[in-house]
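K.L.:
Feature table excerpt (TrEMBL):
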BINDING   A:152, A:153, A:154, A:155, A:156, A:157, A:158, A:159  ADP binding site
């Protein structure tokens, strides 16, 4: 069974998309064709959307599901004329919130993802540059400014996690790959030792690690199961010995790994 | 006036946070203390949350606003005993959606941000590595594999935009800084010329560019207003002459710039 879902907004569409995806993910038996339609900010564009929705309804033989965060009433009225099942996110929650907060909503478009509303926007951009400059142990002299330093074997997921922490939360995340040298020395390199309270470990199943490394350097010792198994075991020993908290990244997304890290380290995310 | 808002989930909390932020951003007169509480996945943790919420209610003299995407009914029942104003996102929308879709919800936790549900997860991770490897014109030989190549003067916002496109949408985004050499040659470098259909321009107000560059290299010619004004003017001329679409990044966030680029290039975001 196929159903089309539209995520429609007069801004970026991120809120409609995030909520819509969450809700639709609960229906496992249905295959959805998902279409994001940001910047539907004129009645004319809304009219065009209505045509797209009605065409999808005809094609599917079922009306599409519409997740809509349009703020403007005229545009919303135009959209409402479509042959879709409307989930009007703002209409559902704003009126009761106005009553609870005893204050009127500004009904302004796209505030949530604008620079103006986002007090920490520059922190997030600076953190992205920080994460890129401090990727893969390239430098250690900026560790004084790091909020967190991710450690683990090569290719266990450190880089995307740092980038996510930086971009979403403005957290200055560096990462340092632990190598065989570090393992043989049986202790942390000095650059890490002096920032021990910022360290967080990532680990991974050796099978998964070998398959990731195989894509990068086929048939290498680096990608062999024996090597991966050795490195993972040694690094986990190191984490335990040095009392470094760690997460196994094998079955988790960067979103999940990041949320777990922040909970475990007790870092409060910087919100707008 | 201060109010506390909690974003509570038994998963990452991303959906509760995104929707909650969007809704609260509409109330400009109220200052919110925002607290994300992911992985509230046992009744005991819920009981602890209730205590935190009640303490905030007492401190603020007003009940906190609770955005909750907890799926488990027992945990939700525990939470509901708090002295907060509950916005129960799943309860509000899931039952009507079940009726519309003629299918039961799986009521499973944290699906939206899990690897299992996210068919394009590996694409996103690969795209992040691609963006990092192809940042700042470091290489051009991988442009065959790029979905998009962002061009513009140094420090106009190309890097964070590429990272965002990669991480959120699995789009392989490279970026290439146009230098004075390129401007004086009055044409595109060969590496860009052969991928003209992938190019998208970023531009920026000279004042803003000068202030960003000043932080990086104080009192340099690079950061001078005259230099910034010259580069921006030349690059915009180049965009127009070569018929390259472009966006002015000055007042927009990476979320907004990315949404605009995708709309203008007609790229459909890869959704789960």
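The backbone N, Cα and C atoms fix where each Cβ goes, glycine too.
Mind mapping these onto the model and telling me what they sit next to?
P.N.:
For residue A:158 (ADP binding site), other Cβ atoms within 10 Å of its Cβ number 28.
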K.L.:
Can you name every residue in this chain, apart from A:152, A:153, A:154, A:155, A:156, A:157, A:158, A:159, with its Cβ inside 8 Å of the center of the Cβ atoms of the recorded ADP site?
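P.N.:
Here the non-site neighbours turn out to be A:175, A:177, A:202, A:204, A:249.
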K.L.:
Which ones, out of the binding-site residues A:152, A:153, A:155, A:158, A:159, lie near enough to chain B that their C-beta is under 8 angstroms from one of its C-beta atoms?
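P.N.:
It is A:159, listed by sequence.
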K.L.:
Given the binding-site residues A:154, A:159, and counting only Cβ atoms in the protein chains shown, which has the most within 10 Å of its Cβ?
P.N.:
A:159
K.L.:
Does DSSP give residue A:153 (ADP binding site) helix, strand or coil?
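P.N.:
Looking at the DSSP assignment, residue A:153 (ADP binding site) belongs to neither helix nor strand, so coil.
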K.L.:
Around the C-beta of residue A:152 (ADP binding site), how many further C-beta atoms are within 10 angstroms, looking at every protein chain?
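P.N.:
Result for residue A:152 (ADP binding site): 27 neighbouring Cβ atoms inside 10 Å.
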